[in-house]
């Protein structure tokens, strides 16, 4: 019988075959006609890649059926994509394939539109314009596919240089996730990033929705100088709060961070260090407060009376 083989260039090759011919035989016939080595050929029928040892009749390929010929580049390899349902999809890819290409292959196999796909490898969400080799994804690596809920949105991040970065995010993304996306785009390590929205520094473990950050919101990125440090604040109940600060932060800034974490208005806070009450306009470095120093927080009661500190 006759079958047709269509190439990516649109050329159609006619082959004389038997239903009992193996896919290997068919590739040999294509080599005879077109000079393409069998190991560089991938044959597709009804959306499936055909295996060398199987026959045309195994795949119900009948007279005048059309196969599609795709060339396997030298670097061709298989990777796996695992879905949340536990299903594993096998893909034929090249190291030079972009994440966008991979999403298109998943759409071909599973019908999931690329804009609803998020691909994760080694804990990182993969960006469309980057390649598999950029992420060191090698043969037989497993990617994880997470569906992007309709809530997916764009936000903007403005740097001190005036540059604006566009990010694809979910309301459920944590600030930590957002910093990882900025690292992917700009190469800035998360521990050097401070993100500000509506005048507040954003905490790693909180989500965008926690801060009411919506589509097309703009965050401000400030680089944390190497002087960034942790200090502790001990309350009268004995609870210890950890804060990320800079030596140049004012006491007012520190009180704002405490308000973010604990909900205590700054005007009800008194901070004590080395027996001294700290003044709002002064900085941590003014008081020689260094990394891992402990401040004591005393609440200023409404009537102007103070709760006594217990040190």
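Going from the start of the chain as shown, residues are counted 1 onward.
Heads up, the Cβ atoms here are built off N, Cα and C, so glycines get one too.
Pulled from Swiss-Prot:
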type	residues	note
CROSSLNK	6	ubiquitin cross-link
CROSSLNK	11	ubiquitin cross-link
CROSSLNK	27	ubiquitin cross-link
CROSSLNK	29	ubiquitin cross-link
CROSSLNK	33	ubiquitin cross-link
CROSSLNK	48	ubiquitin cross-link
CROSSLNK	63	ubiquitin cross-link
DOMAIN	1-76	domain 'Ubiquitin-like 1'
DOMAIN	77-152	domain 'Ubiquitin-like 2'
DOMAIN	153-228	domain 'Ubiquitin-like 3'
DOMAIN	229-304	domain 'Ubiquitin-like 4'
MOD_RES	65	phosphoserine
MOD_RES	76	ADP-ribosylglycine
MOD_RES	141	phosphoserine
SITE	54	site 'Interacts with activating enzyme'
SITE	68	site 'Essential for function'
SITE	72	site 'Interacts with activating enzyme'
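Features recorded in Swiss-Prot, as mapped to the structure shown.
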residue : record                                  : DSSP (3 states)
11      : ubiquitin cross-link                    : coil
27      : ubiquitin cross-link                    : helix
33      : ubiquitin cross-link                    : helix
48      : ubiquitin cross-link                    : strand
54      : site 'Interacts with activating enzyme' : coil
65      : phosphoserine                           : coil
76      : ADP-ribosylglycine                      : coil
141     : phosphoserine                           : coil
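Checking Cα-Cα distances from residue 68 (site 'Essential for function') against the recorded positions (6, 76, 141) with a 10 Å cut-off leaves 6, in sequence order. In the three-state DSSP assignment, the secondary structure recorded for residue 6 (ubiquitin cross-link) is strand. Looking at residue 63 (ubiquitin cross-link) and residue 29 (ubiquitin cross-link), their Cα atoms lie 16 Å from each other.
Of all Cβ atoms in the protein chains displayed, 13 besides its own lie within 10 Å of the Cβ of residue 54 (site 'Interacts with activating enzyme').
Here the domain 'Ubiquitin-like 3' (153-228) returns a mean pLDDT of 84 for the predicted model. Each of the recorded positions 27, 29, 48, 63, 68 was assessed for Cβ neighbours inside 10 Å, and the highest tally belongs to 27. Non-local contacts of residue 141 (phosphoserine) by the CB criterion (under 8 A, 6+ apart in sequence, same chain) comprise 79, 80, 121. Packing around residue 6 (ubiquitin cross-link) is summarised by its Cβ count: 14 other Cβ atoms lie within 10 angstroms of its Cβ, all protein chains included.
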